[in-house]
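Asks: Handing you a structure now.
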Amino acid sequence: MSTENAHLQKEDIVIESWLHKKGEHIRNWRPRYFILFRDGTLLGFRSKPKEDQPLPEPLNNFMIRDAATVCLDKPRPNMFIVRCLQWTTVIERTFYADSADFRQMWIEAIQAVSSHNRLKENAGNTSMQEEDTNGNPSGESDVNMDATSTRSDNDFESTVMNIDEPEEVPRKNTVTMDDFDFLKVLGQGTFGKVILCREKSSDKLYAIKIIRKEMVVDRSEVAHTLTENRVLYACVHPFLTLLKYSFQAQYHICFVMEFANGGELFTHLQRCKTFSEARTRFYGSEIILALGYLHHRNIVYRDMKLENLLLDRDGHIKITDFGLCKEEIKYGDKTSTFCGTPEYLAPEVIEDIDYDRSVDWWGVGVVMYEMMCGRLPFSAKENGKLFELITTCDLKFPNRLSPEAVTLLSGLLERVPAKRLGAGPDDAREVSRAEFFKDVDWEATLRKEVEPPFKPNVMSETDTSFFDREFTSMPVQLTPPRRGEELPTVDEEEELQANFIQFASYYVSGSLERSYDTNRSADKYEIR
């Protein structure tokens, strides 16, 4: 069991039995063996734990405090909903029991535990949280970079990256939004905007991602925001977007990053319809190196899609948006959170099966299929139909694709995770061995010595022509923190800020052009 639940003892069990839980994303019913403990911990398992052994890793991990229960008998008999306040948001989980008696037993147990813990805790700290259960999403990453460097005849196997770790410079809280001039909107999402800005003191251009704290809390995305901050700071690689600053304002979280003014790869593919196999091979090789680096640091990316692949002004890949990353997942480890973009989800994620880092290689298969075929491998207007296609439909390829390309895509888009290309312990190296990549010079690719097949025609450093005009034509302004004229009360303000106590502000010294030095012996990293 994970360390966060190591304190749980079997004598603290209040109730345990089989229940059916309704999925939060795919709204089907799933049997789980649930155990409720005195401290409010509610664990769900795919099978009943053995009595003579320690509890295994749970599939579901809830914390129920100050909870309310509601009984329902439609659309199924013996249903009940557990509601709990997480800061300003009511979180609901829906269950049904096999009988009315079992339902009543669970409701009484939940109410008893809730009443007991309500007396012990401040109501402002009550929550009901469901997390991934393998790893610690709120803990600091503890990554071993002491990989032994070995060389072989395989060019990819001997690719060594000597990465300069970013230097965290102690400084006072002097970085604020007032330090930047906002120029153009580059993108907008549910949680905020990405804006092209110029730092007043250095006159340098950056892309600043500004996230509304209120939206992060309302959507229960605090943990993902903290993860993005840690990953951005910890990871330095030529094909990952690099962080310059991260800080928080009163109502916003801000990430100041390098500006990749070549725009989204999605935009370029829309204009070209398809990419040649050679161009796809170039982008694919840079993506593979970047994902191999993340996996070596025990990070699963989980959000591979064309919209998250940018080009710099020279035409090299920059992967962006690390909010869905999962830390502390090494080879053999699995996690279970349903997350990602529907069209890019691996079958095991859709089917609610614990998954490993090979979900990233499925995502690579989807984006490379799009590049060469000009369309998604599976598409439908309704998610239900889309998920059915992803999990059951055979792949189809245009006749013009080479046998090497078909073999590569078939391997990456293998539905059985254990058989998927890249699923073994060799990870990225296994993908690199595909015949499709036989002519790739991996060391030269890493050093950016391979000429990109396409260089964006960027007219100036502030040219945003490769970004969606829907966004670049927007006025540069931030969304007010609250709807209406009402100002937050002191309690509400403290409640909001308490969510971000663990958010560390970072300042990376030096130029963002730094990333690796092939002559350094320190910090060697080998994709193995």
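Here the Cβ of each residue, glycine as well, is placed from N, Cα and C on the backbone.
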Asks: Since Swiss-Prot lists Leu186, Gly187, Gln188, Gly189, Thr190, Phe191, Gly192, Lys193, Val194 for ATP, which candidate among Lys200, Lys204, Lys209 does it give for that site as well?
Replies: Lys209
Asks: Can you give me the same-chain residues 6 or more apart in sequence from Asp303 (active site, proton acceptor) with a CB-CB distance under 8 Å?
Replies: Asp321, Phe322, Gly323, Leu324, Cys325, Cys339, Gly340, Thr341, Tyr344, Gly363
Asks: Please give the average pLDDT for the domain 'AGC-kinase C-terminal' (438-515) in this predicted model.
Replies: 75
Asks: DSSP helix, strand and coil counts for the domain 'PH' (12-115)?
Replies: 17 helix, 49 strand, 38 coil
